[in-house]
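K.L.:
The [4Fe-4S] cluster binding site feature in Swiss-Prot is assigned to Cys559, Cys568. Annotated chlorophyll a B1 binding site per Swiss-Prot: His654, in sequence order. Swiss-Prot lists Met662, Tyr670 with the feature chlorophyll a B3 binding site. As annotated by Swiss-Prot, phylloquinone binding site applies to Trp671, with the evidence given as sequence analysis. The transmembrane segment annotation in Swiss-Prot covers 46-69, 135-158, 175-199, 273-291, 330-353, 369-395, 417-439, 517-535, 575-596, 643-665, 707-727, and the record cites sequence analysis as its basis.
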Amino acid sequence: MALRFPRFSQGLAQDPTTRRIWFGIATAHDFESHDDITEERLYQNIFASHFGQLAIIFLWTSGNLFHVAWQGNFESWVQDPLHVRPIAHAIWDPHFGQPAVEAFTRGGALGPVNIAYSGVYQWWYTIGLRTNEDLYTGALFLLFLSVISLLGGWLHLQPKWKPSVSWFKNAESRLNHHLSGLFGVSSLAWTGHLVHVAIPGSRGEYVRWNNFLDVLPHPQGLGPLFTGQWNLYAQNPDSSSHLFGTSQGAGTAILTLLGGFHPQTQSLWLTDMAHHHLAIAFVFLVAGHMYRTNFGIGHSMKDLLEAHIPPGGRLGRGHKGLYDTINNSLHFQLGLALASLGVITSLVAQHMYSLPAYAFIAQDFTTQAALYTHHQYIAGFIMTGAFAHGAIFFIRDYNPEQNEDNVLARMLDHKEAIISHLSWASLFLGFHTLGLYVHNDVMLAFGTPEKQILIEPIFAQWIQSAHGKTSYGFDVLLSSTSGPAFNAGRSIWLPGWLNAVNENSNSLFLTIGPGDFLVHHAIALGLHTTTLILVKGALDARGSKLMPDKKDFGYSFPCDGPGRGGTCDISAWDAFYLAVFWMLNTIGWVTFYWHWKHITLWQGNVSQFNESSTYLMGWLRDYLWLNSSQLINGYNPFGMNSLSVWAWMFLFGHLVWATGFMFLISWRGYWQELIETLAWAHERTPLANLIRWRDKPVALSIVQARLVGLAHFSVGYIFTYAAFLIASTSGKFG
């Protein structure tokens, strides 16, 4: 018999039903479960796939640059960033009638185009790119890197170039190289680019390879570096009247600590950012020399962890045994990496809008909204993945003997306390927040809005004041002119910072009130409930009260029949599955809040958010319904407009989302019956019965149907909100 898919599992390849295809796809990347896998091949496969991942990333970014250079309007956008709409790429659609062609011909283009809401124009402009030729050069370079990555992946699959397991498990060398190489050297290189290309570019000086060695980034060259007069690099910064991209009002400083924003671009000072990256480079270059390798100096990770024992002996054996547990478990390492990356991605969302790094991006409202939402959703998926792999670690890699009485064992020992406390926090937040919203709703409905329960967020306001916001009247820390912190920073970063914090046109420390207090607690409810489900899923992965012996059932078992009192919904996979719904729900609230707050800020009617956000009907009527009106108006009796594509996507998103429920709320028997009926009809129909198939069609398993349902739910949910967000924002602000 010919080799059938999947080749990595002989058992599955011989399955006579359509299960073979679905289970094959589901386990294709679960290298550990493949037939002839060894630990060495497992590590080598993963290592080689990283090169493929890099190749895809480089190809993708190369494509962005190439399409903007070919079909965009970068050069005309550079001339007037605030009024020219950036073009992502052309639209070729033979079905377009004349009204559509007119509606989508924008940004000075000759035919229908898509507008870019990704911020790439602002990014490329800030880092010194100015012409289409620059973009083409970048695209070709990234294409070259993509090819190099593919060659690297191929090379490391050849017998001679396959690294050994001991190389993969050399934690100290990896830490040193990743800290000093990935973070340190790349930050230093980026500082170099900012100082040599971007900062001169912001001052009207065009630095390229042909004049790179002739243009001094600073009038005094490297003199101050070698003589220790580093402060000279901070003298004569750009003035507040500086016009970005020109020499008008420009200074000569390259490394500053001005604080606040460039008045014209509303973004952080480039010289501040160069300084920041230099500092990061220094810290990580030092950190990358801290661990003991061939030279016998520095820390040993194992020694560090073994020494971490809580004093007094009351809290067990601390970190003993952790080194081998983590170093031998790819799932533990992946869980840690995903948790870190998820947090970082969410922080990127928060900081990209509040402290914009790219010139003029703060005035491009749709881009700000799109980037915030994009990064928050990605953070949510990555964080749930962290807990999923944490659970797989407990099932496949956790060894109780190796971890006796250390922090991992103690987490498992008192998991009931952890889960019950999280449960209590979630219940408390949920009932109290909903209670306040519903009370306020009823008061509004009965025409007595003055009877609402409105709570001022005084602690959060106090924290904002401590950072220098004066409008609340708290005389504390940086908002107190007599404090030592205030006086210490007055000569350097503080004037710029205080000016930015107290200027109401940006997103730094937005003024908050009762509506913010309520939605903050609604979000806290979502975060705690999502965490509860994920933590419980991981801590109960090996066994729980009802089913103490889950280890051999694996990560994603569906149900084990009624024998144990019914074991549906208690696998670690089920916890992940439920948590993703809560994660989407939570990020929905987060993005609703962010978007509504900002729309009213940008339109200059903040009172609408303040007054309507304290009760549920306000959210439904004044945010969702009011802002979807443009969307539903994409097609109207007068033809179509440039929002029609979002109107269509809004409908399509709802369709995909609703399709999810078809898989989520149905029984497997119903599907099997349906499939048998369809197969029977097919075989008895002339012409149709000429087409045969080898695999007997069977319904999806419980776990598969849930996965398909979850995928449709997630994609539809995000598609729908993306269309709403982009259309409602671009419809208002162009």
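The backbone N, Cα and C atoms fix where each Cβ goes, and this holds for glycine too.
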K.L.:
When DSSP is mapped onto helix/strand/coil, what comes out for Tyr670 (chlorophyll a B3 binding site)?
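P.N.:
DSSP call for Tyr670 (chlorophyll a B3 binding site): helix.
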K.L.:
From the Cα of Cys559 ([4Fe-4S] cluster binding site) across to the Cα of the residue listed as 'chlorophyll a B1 binding site', what is the distance in angstrom?
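P.N.:
Taking the Cα atoms only, the residue listed as 'chlorophyll a B1 binding site' lies 31 Å from Cys559 ([4Fe-4S] cluster binding site).
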K.L.:
Just to verify a number: CA distance, Tyr670 (chlorophyll a B3 binding site) to Cys568 ([4Fe-4S] cluster binding site), in angstrom, no decimals.
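P.N.:
Their Cα atoms are separated by 19 Å.
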K.L.:
Could you tell me what the rest of the chain brings near the transmembrane segment (369-395), counting residues at least six beyond its ends with Cβ under 8 Å?
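P.N.:
Distant Cβ neighbours of the transmembrane segment (369-395) are 117-119, 329, 331-332, 334-336, 338-339, 341-343, 345-346, 348-349, 352-353, 412, 530, 534-535, 537-539, 541-542, 550-551, 554-555, 572-573, 575-576, 579-580, 583-584, 586-587, 590-591, 594-595, 598, 718, 721-722, 725-726, 729.
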K.L.:
Give residue numbers and ranges for long-range contacts of the transmembrane segment (707-727): same chain, 6 or more residues beyond its ends, CB-CB under 8 A.
P.N.:
26, 117, 366, 369-370, 373, 377, 577, 580-581, 584, 588, 591, 595, 627-628, 630-631, 634, 643, 646-647, 649-650, 652-664, 700
K.L.:
Would you mind ranking the binding-site residues Cys568, His654, Tyr670, Trp671 by how many other Cβ atoms sit within 10 Å of each Cβ and giving me the lowest?
P.N.:
Tyr670
K.L.:
Can you tell me how far the Cα of Met662 (chlorophyll a B3 binding site) sits from the Cα of Cys568 ([4Fe-4S] cluster binding site), in Å?
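P.N.:
Answer for this pair: 19 Å between alpha carbons.
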K.L.:
Provide, as an integer number of angstrom, the distance between the C-alpha atoms of Cys559 ([4Fe-4S] cluster binding site) and the residue listed as 'phylloquinone binding site'.
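P.N.:
Here the two Cα atoms are 18 Å apart.
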K.L.:
For Trp671 (phylloquinone binding site) and Cys568 ([4Fe-4S] cluster binding site), what Cα-Cα distance in Å is obtained after rounding to a whole number?
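P.N.:
Trp671 (phylloquinone binding site) to Cys568 ([4Fe-4S] cluster binding site), Cα-Cα distance: 19 Å.
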K.L.:
So if I draw a 10 Å sphere around the Cβ of Cys559 ([4Fe-4S] cluster binding site), how many other Cβ atoms end up inside it?
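P.N.:
Here the count is 15.
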